[in-house]
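Read the structure below first, then the notes.
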Amino acid sequence: DSEGGLYVCMNTFLGFGREHIERHYRKTGQCVYLHLKRHVIEKVPGASGGALPKRRNAKLFLDLETNSELNGDDFEYEDEAKLVIFPDHYEISLPNIEELPALVTIACDALLSAKSPYRKQDPDSWEEELQASKHAKTLVQLDNGVRIPPSGWKCSKCDLRENLWLNLTDGSVLCGKWFFDGSGGNGHAMEHYKETGYPLAVKLGTITPDGADVYSFDEEEPVLDPHIAKHLAHFGIDMLQMQMTENGLRDNDIKPRVSEWEVIQEAGVKLKPMYGPGYTGMKNLGNSCYLNAVMQTIFSIPEFQRAYVGNLPRIFDYSPLDPTQDFNTQMAKLGHGLLSGQYSKPPMKSELIEQVMKEEHKPQHNGISPRMFKAFISKGHPEFSSNRQQDAQEFFLHLINLVERNPVGSENPSDVFRFLVEERTQCCQSRKVRYTERVDYIMQLPVAMEAATNKDELIAYELKRREAEAARRAPPELVRAKIPFSACLQAFSEPNNVEDFWSSALQAKSAGVKTSRFASFPEYLVVQIKKFTFGLDWIPKKLDVSIDMPDFLDISHLRAMGLQPGEEELPDIAPPIIIPDDPKGTDLSLDIDESSVMQLAEMGFPLEACRKAVYYTGNLGAEVAFNWIIAHMEEPDFAEPLVVPAFGGAASSGAAGLGAVGLDNQPPEEMVAIIISMGFQRNLAIQALKATNNNLERALEWIFSHAELEEEGEPALDMMDMENNANANILAETGSEGPRIKDGPGRYELFGFISHMGTSTMSGHYVCHLKKEGRWVIYNDFRVCASERPPKDLGYIYFYHRIPS
């Protein structure tokens, strides 16, 4: 609350704005709160040139989720703290050791001196401002004719091409120091300083028109170089033409204008900033651009806007005592921040005039910082809880999983993405077929590299690139493979071979082929271009291709037809269970289908999680294993290496894994028996396992937290079972009705796409483009601008909405 301050409950230590504090008091009965206000004191020039304090409307700037920052030279702060007793709003100014008990005084002091969680999460952003280097003004630069090319850099003392630093005295390009995590370099830049005494170096890849990262070896700290433009120009570098690579990450390739970094971010084009509701930026919290891009897209969809922002008062009214741990509260809060327009306001005319008069530019600090949302949504997840770059597609599925698990109202907004896939598997020898259906949320299109329309140019470019690399010259201008979208769509619809197919008609392994069709078309179609693959070093690589994605898409011809006249179905017979002669000496890990593992890994999932998924689903294919992954993503050991148990344990684990995604969604009987043996009812045991994805430990916690169900008996359990079935997990296909599907025509129009820049899912940067009010808008973290050249051919994930009939 920018006017009323922040109220902190002295019992729960949760903070509330003025409009929510009364509700919290009525709901909890807590009556003692610490009231915090911050007044901004504006300095005005005095007669002697000094600054006199001037109170600025006693306005509080306490919204920690915005990026509002005040120039320290122009403002001072005056903090005010009071203890407030409800319901009479009796106020006691602090400090006041005479009237307050010692325990209360100690608690207030601890709260006032506590370090902000925002500072704990992002200590770098609270560091002191960099100081100008003492060497900057008098730096001597050698006139040795060195000119630095715009790309193709390499350490002059080793073969490293990352973490490179340009010495500003002699123009040497050398690698930085080695870090404990194995990254960095061999320390040649530091060795060069010790040999020569040349003090300043700039990190290549951080040079932009706004500045660069400069380090002083002599002062042993990052510094400012007020003359950086002149120092760089000495080596032929024009700052105004430079762009930071990978959003400040460790990538040294500043590429020509055809690079995806330049094209996707629309660099070199003057973009008009956009303000108002729906045009609010999001701060990058350190490799969180994948989250920003996905959430901007999600909250551009009316169904999500209605579910969370439209229901915001009700969600806040019924939020738990700790709203920081409630998914719907956090979604509503984030949606309100993005859509309200309160954090996206154009600069005042007086501010612009002042900037022109002073010949300086102060960046506008609009936007929100989704720290609390990221902390909650990534809690317990081995990847999203880290500060590493992640796959936007994987995060999208993770978000949909959470939306499904936390229904808000009768309508689930994630229904708009859900569709059914019909898979037709045919035994090549008997010609018999089997039709199955599965739920999916993303249409994954393979990249048909063999259909490139510029093959001759690609071959010539590759030869020139290798020659330039051998001669240590700058690489030639990039030539990107041009792939027709129709070829990718054709590759999607073609039959695929099924590895180790077991034919129930032959009662033996045989050759099999599988084709996929849409059993239903979703309201919103999400199309992922499978650009990522694995290199020989098992590191994900990205195919740098251009695909002519259509604005209007018709996939009606991919509608499933079901069993056709003349087709004969495969018998519904399960493959026999083969028990080895020596179970203990058998390496069960050999049963893992590596082709299915690779299919899942190409989607961006951790490799070990993919191996477990294939193992625990009995090699039934990548689709079934994919369902297992979605059901187990929240488990703390999700990405831990697979531990293959003894044979008896393997059967149990496999059953448990399949139980989570089985056709009837029934928990494994052995788990039910364990809970019953503890004295609980069978219905309660089944309900607890269903609610926790067959996790025995969590199921027991669920039972203890729902003790009232055991007391109320069977009727309450039956009612709870009905409610849970109505809001089942996204993979469950229980009941006669099955998953809720919004079927319709297969004609769509493009309204958004998420693009990735970089060489793999483990690095790079994400932005999204959305079509709003008839024009394209680019969302690049904080920067929200009208798009001039939307790079629709370089996207990674595309979002289409259905065209009404």
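FYI, residue positions are counted from 1 along the chain as it appears here.
Using the three backbone atoms N, Cα and C, a Cβ is placed for every residue, glycine included.
Note that this is a predicted model, so its numbers are computed, not measured.
Listed in TrEMBL:
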DOMAIN    131-239  domain 'UBP-type'
BINDING   C155, C158, C175, H188  Zn(2+) binding site
DOMAIN    280-803  domain 'USP'
ACT_SITE  C289  active site, nucleophile
DOMAIN    591-632  domain 'UBA'
DOMAIN    666-706  domain 'UBA'
ACT_SITE  H765  active site, proton acceptor
Entry from the recorded positions list H188, H765 having the most other CB atoms no farther than 10 A: H765
Cβ-based isolation winner (fewest other Cβ atoms within 10 Å) among the recorded positions C155, C158, C175, C289: C158
C155, H188, C289 screened against H765 (active site, proton acceptor), Cα within 10 Å - retained recorded positions: C289
Rounded distance in angstrom between the Cα atoms of C158 (Zn(2+) binding site) and C289 (active site, nucleophile): 32
Distance [Cα-Cα, Å, rounded] between C155 (Zn(2+) binding site) and the residue listed as 'active site, nucleophile': 30
DSSP-derived helix, strand and coil totals, residue by residue, for the domain 'UBA' (591-632): 30 helix, 0 strand, 12 coil
For the Zn(2+) site built from C155, C158, C175, H188, further residues of that chain with CB within 8 A of the site's CB center: S156, K157, D159, L160, L164, L174, G185, N186, G187, A189
C-alpha spacing of C175 (Zn(2+) binding site) relative to C289 (active site, nucleophile), in angstrom: 27
